[in-house]
């Protein structure tokens, strides 16, 4: 099938709740839509023809999209959706239906995992993908096109190179405009915080340290200076983290990278290894400075752990 995957603009987000200076940063330094690119990688593996339009990075307007739809005539359109860009995503869906009512419109992303039924109430949306999108979207393609050949098993060692082909469009806001990209090395979370969009089943799985290292090495070889890792709990498996750091140091790989994790899953030795391997920024989910609030959230951590982690990190 001719598949078009779209990362919408963020115009409506800017007009609603986001300060102007934040929108300016988002507009000038977008990040690769990694979830969408994983979906693309799986669909390509299933022998579909896939095109990705990043409307943010490419400055694509709805008029540009209209022209593309008329010329290329995709058979299905997938749109990545967050709560902040929901109305922009709906504008894209309406544009698709305006071009051809029979084109199936599929939406996926964090917002849809929380509000699938509400999203399906919008007339321009035909399908919603809840949860991990790669295999589910490819299975949907199989249902709509029996001639497709979807992968039989999820392949966690497959990662998308397509975002790196247009790497000049993705530059780091924090690191002074250097070439950057994004990565995912694990999925899920073993914790059960009450506010989180992750499924409460506690499942967590990860790529091997060697697989992560090889992707980082490929990024460096392409001229990328900084890697933003979007795992929710990167340091959950201490052995994997230490192995990755050793691989990076032993190979002399020079790249700055950043992670997200919990304060309770780091220690001084791990932080020293991360720093030596080029990790330059850690985003901790602290949430509150009151233990009773943390208990109410089901966070499973304490203020003392936050204080220790921050002191060790600095």
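Residue numbering: from 1, along the chain as shown.
Glycine is no exception: its Cβ is also placed from the backbone N, Cα and C atoms.
Per TrEMBL, these features apply:
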- 15-151: domain 'B12-binding' (DOMAIN)
- 175-314: domain 'Radical SAM core' (DOMAIN)
Per-state residue totals over the domain 'Radical SAM core' (175-314) - DSSP helix, strand, coil: 57 helix, 27 strand, 56 coil
DSSP helix/strand/coil residue counts for the domain 'B12-binding' (15-151): 74 helix, 18 strand, 45 coil
Confidence summary (mean pLDDT) of the domain 'B12-binding' (15-151): 85
